[in-house]
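Visitor: Here it is, the structure in full.
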Amino acid sequence: FLGQEVVFKCLGEGILEKAFQGYNACIFAYGQTGSGKSFSMMGNAEQLGLIPRLCCALFQRISVEENESHTFKVEVSYMEIYNEKVRDLLDPKGSRQSLKVREHKVLGPYVDGLSQLAVTNFEDIESLMSEGNKSRTVAATNMNEESSRSHAVFNIIVTQTLYDLHSGNSGEKVSKVSLVDLAGSERVSKTGAAGERLKEGSNINKSLSTLGLVISSLADQAAGKGKNKFVPYRDSVLTWLLKDNLGGNSQTAMIATISPAADNYEETLSTLRYADRAKRIVNHAVVNEDPNARVIRELREEVEKLKEQLSQAEAMKAPELKEKLEESEKLIKELTVTWEEKLRKTEEIAQERQRQLESMGISLESSGIKVGDDKCYLVNLNADPALNELLVYYLKDHTRVGADTSQDIQLFGIGIQPEHCEIDIALDGEVTLTPKENARSCVNGALVCSATQLWHGDRILWGNNHFFRINLPKRKRRDWLKDLEKETSLGEHDLDAASEASSEPDYNYEFAQMEVIMKTLNSNDPVQNVVQILEKQYLEEKRSALEEQRVMYERELELLRQQLSPERQHQHGSDRLSYSAQAAQQKVNLWTEERDELFRQSLAKLREQIVKANTLVREANFLAEEMSKLTDYQVTLQIPAENLSANKKRGAIVSEPAIQVRRKGKGTQVWTIEKLENKLIDMRDLYQEWKEKIPEIRKLIGKRGDPFYEAQENHNLIGVANVFLECLFYDVKLQYAVPIISQQGEVAGRLHVEVMRVTGSVPERVVEGDDSSENSSESGSLEVMDNNGEIIHRAKKLSCRVKIKEATGLPPNLSNFVFCQYTFWDQCESTVAAPVVDPDVPSPQSKDAHFTVTFSHCKDYVVNVTEEFLEFISEGALAIEVWGHRCTGNGSSVWEVDSLHAKTRTLRDRWNEVTRRIEMWISIQELNEMGEYTAVELHQAKDVNTGGIFQLRQGHSRRVQVTVKPVQHSGTLPLMVEAILSVSIGGVTARSTKLQRGLDSYQEEDLNCVRERWSDALIKRREYLDEQIQKISNKQEKSEDDIEREARLVEQWVGLTEERNAVFVPAPGSGIPGAPANWIPPAGMETHIPVLFLDLNADDLSANEQLIGPHASGVNSILPKEHGSPFFYLPIIKHSDDEVSATAAWDSSVHDSVHLNRVTPQNERIYLIVKTTVQLSHPAAMELVLRKRIAANIYNKQSFTQSLKRRISLKNIYYACGVTYEIVSNIPKATEEIEDRETLALMAARSENEGTSDGETYIEKYTRGVLQVENILSLERLRQ
């Protein structure tokens, strides 16, 4: 470890030397927050940083070099740049008003009105810096600003006067040393410019981003590229003021601070790139000899010139000339002030500043909280270590706190009343805090409304953001930990933190802030609930994954055992196997540790985000209420876009907090935390101006736009569609309607895409080429091996095509200006697919609930076939983000008029996910004269519903051929039929054509089961909704949340009634099981579509028991008249290689049925049932029983006349009949949810802890719901 002394010797001494030679100098520290910028520049009490060391060394050298012929004068200025505004930290009024930056053609850029104070020793500078930091702390706390987002600039102006004692001549050298502590740079890289989170129009990062552009432009100039390239100095205040230091007359050094943490990899690279560019800049520093005399002369010349111009333009009224003249005269006056006057002015400002700090109750001791042990005082708590514990407020026997000037401790800002509270110290040492009415005061996180006793170390919050810790030496609490546990009900993590804090006599800002949030959430931490559920889920996943790993390694060990011969096994086997077992165990342990670490990091991040979100929302609500903005902010939960991708890391937390913004009479918006954070900066500025009663506040709002609510909202993420790319292995075209998964974990429409391989091939077995070879690395090719392990050729590049055709079923309120965005494999930039704008296509405002967005996007990508790419197409997916804008009109959506159509479509989409149609075709073969089995004819008849009548010759040998295949575009349930296991025939029945109705393959056994389960789920939801509506109706006083929730519940209740109607009377073509058929079936196909219900687990489509044999699905779906005669299993003779088809031998004599043995009379029909058991591989490994009723006509021999008629007939001849089944895997998940996911997210974020009807809390329901995203993706992989 190298200390601050080493840094100063390497950097500070050189810069100081240049300053004494008369050069301008600058040091600025750049890096992300927490990487050590402030520590390097300022340091701490034990290790002083660059600025105090440089100042100290400056005066040490002055004391050595100063004599009669060589005198020194030192002046300092200290300013802060926050949100593109400059504040003077050394002027008592500077913290409240921002100064203007001007550029003068003689002086260059300067801050108008910035205090430049004379100092004579290091103690003066130390005192000024301490008081400047106090002013910065007060301003930051009052306006609740993040100091880590502000830049601090400390300027030292050293004037050396050289006298020639013999001649009496004198000369001056003036050097300016600028010491800059920049804001954290990670904000620039993490504003979310990539992908879904687009930059907000905030000024926070303007300085840093402009600094980057300036450095790049100057580096290019130095390298000879673009000599005349424009350098955007004036794009930000910081770069404008540092114009000379960056590429001008200055010796400049940059300190790049980087974090050693692996998760800061991107920020570290960014900082190093910055530094690399900065070191290429060439400055042209010159010694500043006698500049004052030259500047004063030039200014006087300019004044005379301006006076002359002004007199000539007097008649024309030229105010800008007058302003320029005043500016130049002011500068002359400042430059001609004597040193004695400057010292006197410095003293006056110091006294005024001290008076102001004293009037606010702040101690003037620069040593912070190191005060008398017996004194009672308050010390400020701040998130920034540089500003933490900097302000000390001594307590009197009776101390008044508030915003009024008559108060002992003056605080300003959000939530501070003119008279806020009183603190009394009794004779026995007891300290009591008494809050005033409507004045927010919290002690140890709990809101207090009456007199409360205080103890040593208690944390106090006044208003929205004034955090303090109280020091009461005589009131130390002995049993504090037990009390703390009772009071706050903090989790284990917090108690650990508290016990750590107990070893020290203080608590930090984070601890105090966490306390307040926990108490605000009614001592019920929503994160703890989320954490418990996530941990439980994670442990289950981990256990099953470890079991899979163990089985895999055991299989590998068994293979090793088999490969060893008995002799070698005896000699070396035990050693090798034990080594292999150890290696396998090490792999498992390493993998487990990595997953655990990722999970821990994700949990910590989620906790931090929810705490942050609640803090921001509380402040935003307060500002909106104060300024009567009629806007409400709430924390809700959503899934970040990156977690909706199949490429996300397993083990990462699914959800994140977001902000729901509601304004009376307007629509609802959802903001990210970053967006609210940026908006709050403008809100605070507006609030400050509003408090100061600036008359043009309305005009300002008009120019800037309202930060409280977006009149024109940016685009919203509808969801992410994951396209799995395994089709590239097999050179087949993937055409599929990919589900778009929303940020609530629900399907929000479908994106129709097409992916195919254009050229190239993907090898099955590959080995990386020689990495050291240039050609190999350039081509990215692989060596392909044959089965003997020999290299046969080198695979080249692969070209694939991505087409986006259309998006259907999108949420109506987001169907405006829909576009897609994705990044393919190693592409640097995102690809955007714009929609086709056709005036004839109905807009989303139209009443057509089936609105479709059409795209004509087609793009080819050429990629190198590497191991990483092969892994990506086998395991990963192309994640396409779908974005949309809200429909015009901020009030209620026009879609509410046609909500019935929209709901019907939603039902269709839900059922489409869990259904798939399957066809079973039957044909009967008989032996012909050539000794071959050929299919018999199927005659059509109006009274026959089985698809036709098989014409069977009496006494002939027969075979039955059964073919089973899924129907394309009939649903998205991943249904795969592997084989036909058995075929049986029976249920022989004779029916009269005149007296009896014909039979078919339709049965409602399973349909009734589906309807019953669906109806039960709806009854359960209805009971819940009735209970919730009643609960809100019974409230005497309803809050806005209650009114909105009641409206939501009533809307759900109405939708439920419509859904109940759809259960028993589904509309034709609605896609709901049991809906009347509205199709024209192909020849031979039955019209009615029976339903088969698999009853699988809705989460992962697994079966609760082994569905084979007597437990196979469909066993009990019995047809009418099925038990009329026994069934006989037919021996299967052959299976088809091309399709799932089996041919079985059928000897009809085994039935011993007169109907099959004799010729069928004219007025009779013979019916039989063919029962087929098929093996399914997906959605679950199971057996399924399918039934098809067939009609037959037994004849002896066709007469010559009949034969002739058949031959000359123009009618088509058919040979097979079929039935279409609708397979339903389970009741749709959304149907069984008691609340819609958006409401659940709000209730979960509010930490509503009352149980739902099944005993689960809202947070448990919501978390369980969003955890299903991985199941949705797993099913999609199978479907595609």
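From the backbone N, Cα and C atoms, a Cβ is placed for every residue, glycine too.
Any TrEMBL annotation is an automated prediction that lacks curation.
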Visitor: TrEMBL tags one of 109-154, 293-338, 477-522, 937-982 as coiled coil - which one?
Guide: 293-338
Visitor: List the other residues in this chain whose Cβ sits within 8 Å of the Cβ centroid of the ATP site residues Gly31, Gln32, Thr33, Gly34, Ser35, Gly36, Lys37, Ser38, in sequence order.
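Guide: Neighbours within 8 Å of the Cβ centroid, excluding Gly31, Gln32, Thr33, Gly34, Ser35, Gly36, Lys37, Ser38: Ala29, Phe39, Gly184, Thr257, Ser259.
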Visitor: Given a separation of at least six residues and a C-beta threshold under 8 Å, show me what packs close to Ser35 (ATP binding site) in the same chain.
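Guide: Spatial neighbours, sequence-distant, of Ser35 (ATP binding site): Thr257, Ile258, Ser259, Asn264, Glu267, Thr271.
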Visitor: Out of these binding-site residues, Gln32, Thr33, Ser38, which one has the fewest other C-beta atoms within 10 Å of its own C-beta?
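Guide: The binding-site residues Gln32, Thr33, Ser38 were compared, and Thr33 has the fewest Cβ atoms within 10 Å.
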Visitor: For a quick check of packing: other C-beta atoms within 10 Å of the C-beta of Gly31 (ATP binding site), how many?
Guide: 26
Visitor: Looking at Cβ-Cβ distances, which residues of the chain lie under 8 angstroms from Gly36 (ATP binding site) while being 6 or more apart from it?
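Guide: Set apart from Gly36 (ATP binding site) by at least 6 residues yet with Cβ under 8 Å, we have Thr257.
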Visitor: Given the binding-site residues Gly34, Lys37, which one is most crowded in terms of C-beta atoms within 10 angstroms?
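Guide: When each Cβ's neighbours within 10 Å are tallied, Lys37 leads.
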Visitor: Per DSSP, Gly34 (ATP binding site) is which: helix, strand or coil?
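Guide: In three-state terms, Gly34 (ATP binding site) counts as coil.
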